[in-house]
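So the structure is just underneath, and the comments pick up after that.
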Amino acid sequence: MEQLLDLLDFGPFFDHFDTILEGFWATIRLAAAAAVLSLIIGTVLAAFRVSPIPVLRAVGTVYVNVLRNTPLTLVLLMCSLGLNDTLALTFSSDANTSYYWWAVLGLSGYTGAFVGESLRSGINTVPLGQAEAARSIGLTFSQSLRMIILPQAFRAVIAPLGSVFIAMIKNTTVAIAASYAEIATQMKSLVDLPSFASGTIPLFIGVAVGFMILTLPAGFFSGWLAKRMAVAR
Amino acid sequence: MTDSEGGPDLTKGGGPTAETAGDGPLVVVENVNKHFGELHVLKDINLTVNRGEVVVVIGPSGGGKSTLCRSINRLEPIDGGTILVDGKELPKEGKELARLRADVGMVFQSFNLFAHKTILDNVTLGPIKVRKQGRQESEKHAMELLDRVGIANQAQKYPAQLSGGQQQRAAIARSLAMKPKVMLFDEPTSALDPEMINEVLDVMSGLARDGMTMVVVTHEMGFARKAAQKVVFMADGQVVEENTPEEFFTNARTDRAKDFLSKILTH
């Protein structure tokens, strides 16, 4: 019994609560920027993949297949070590800022491939007649995509996009590969502290709960939004 | 409700239509061929639609009626021959084609109203985005048109909240809002309950009386008799007979047409 209580000693966890909150704040900053950027990248990719221009379709297909089939760690290492360090393509003279943006870019580029594929399946749910009607009143391809097809496609894939974003939030924990310190990095450095000899399990539980605080609302919100925005046919 | 008297005049003046109107026939289809893979769906089709004329295309299913109708605004590309709309050949793709389509109204069997937009937004989208009209002016005109087709009180609803007949009338209003030179109707009443068919046909008859140029693919023989100046009978991808409605229904020239009429007019 004594031993069990020892294992569940949340003392060290709350002693370093500030560090943990800081870590989560870093995670949130990464996830929020990646959510916006991956949505943009995914929309462009989906547009490429249904475009009437063969070159754009090919670019979209190659991009999705490469990014979706490469481990995220590799993508992020490529960004930080390859592009930032070796090729010296930096966003800022401040190393941390530069790594942050590379982490955002790597994570968005990777997640964007999944967003694009979700959206493309959403485009397939929009009846062909919608596009024909759009063309018949004289809208151009890009107008009908922007005003008729994509708005309906987005509404159809809000719930699956929720899953993509939940996966993305959890994927932020790989950002250490881009030399960006978020909660998983903080957690690892805390575990290495001597004072944490007894507090590792509470630490893991605490961080897990922290992630759920981020991801559960994301899931509920996307489910609610999907119902609210559904297009009646 | 759907009578033309007192409603706004839909066909004359105002829009871009008036500026470009010439004298020749409005739609000329010459030696048009079209294949779906092995299937030869349009075989050397020739058809002329004059200004203000209502042409009804009838015939058995799979005869190429809808394909012909859809090829007039290039929703179906053709393999050979030429199609002229108001003296101009159909452009292949891009902005030119979009401009031409704006002048050719199309009404579909399945209505195809934009499901995520209100009825009013469905009607004003084309005028605002394609014709670059102001919102206020477009909405005013849209309300006139919706009133004309008898569903002004439904303007703020979404398509799924309307009955089939109301949706189709909204779709006609959407096409009219572009002030088209010619209207194409691809089996506009085939997806409707019997009692809704009439409300749509009334609107179409009103348009015909007002002088709108129309190409109508339909199985409604009553409408063909009443409103059409010309009946085109298509079967197996060919125009088998072209005639006045009166002649066609009482004294068809071809056996194929007689055979078709005997099957549909006996009950």
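Keep in mind that glycine also has a Cβ here, set from the backbone N, Cα and C atoms.
Residues or ranges marked as domain 'ABC transmembrane type-1' in TrEMBL: A:24-222.
As annotated by TrEMBL, transmembrane segment applies to A:24-50 (among others). Tertiary neighbourhood of the transmembrane segment (A:24-50): same-chain residues 56-57, 59-61, 63-64, 100, 103-105, 107-120, 122-123, 145, 149-150, 153, 165, 168-169, 172-173, 175, 180-183, 186, 210, 214, selected by CB-CB distance under 8 Å and a gap of 6+ residues from either end.
Nonlocal intrachain contacts for the transmembrane segment (A:62-83), taken as residues 6+ away from its ends with a CB within less than 8 angstroms of a stretch CB, comprise 45, 48-49, 89, 99, 102-103, 105-107, 109-110, 112-114, 116-117, 171, 174-175, 177-180. Summarising the annotation, TrEMBL assigns transmembrane segment to A:62-83 (among others).
Taken from TrEMBL, the feature transmembrane segment applies to A:99-116 (among others). Away from its own ends, the transmembrane segment (A:99-116) comes close to residues 29-30, 33-34, 37-46, 49, 60, 63-64, 67-68, 70, 72, 75-76, 78-80, 83-84, 91-92, 161, 164-165, 167-168, 171-172, 175, 178-180 of its chain (Cβ-Cβ under 8 Å, at least six residues beyond either end).
The transmembrane segment annotation in TrEMBL covers A:156-181 (among others). Taking Cβ pairs closer than 8 Å, the transmembrane segment (A:156-181) reaches residues 23, 26-27, 30-31, 34-35, 38, 72-73, 76-77, 79-80, 96, 99-100, 102-103, 106-107, 110-111, 114-115, 118-119, 121-122, 125-126, 188, 211, 214-215, 218-219, 221-223, 225-226, 229, 231 in its own chain, all 6 or more past its ends.
Here the transmembrane segment (A:201-226) has long-range neighbours at 7-10, 12-13, 20, 24, 27-28, 31, 155, 158-159, 161-163, 165-166, 169-170, 183-184, 187, 190-191, meaning same-chain residues at least 6 beyond its ends whose C-beta is under 8 angstroms from one of its own. What TrEMBL lists as transmembrane segment is A:201-226 (among others).
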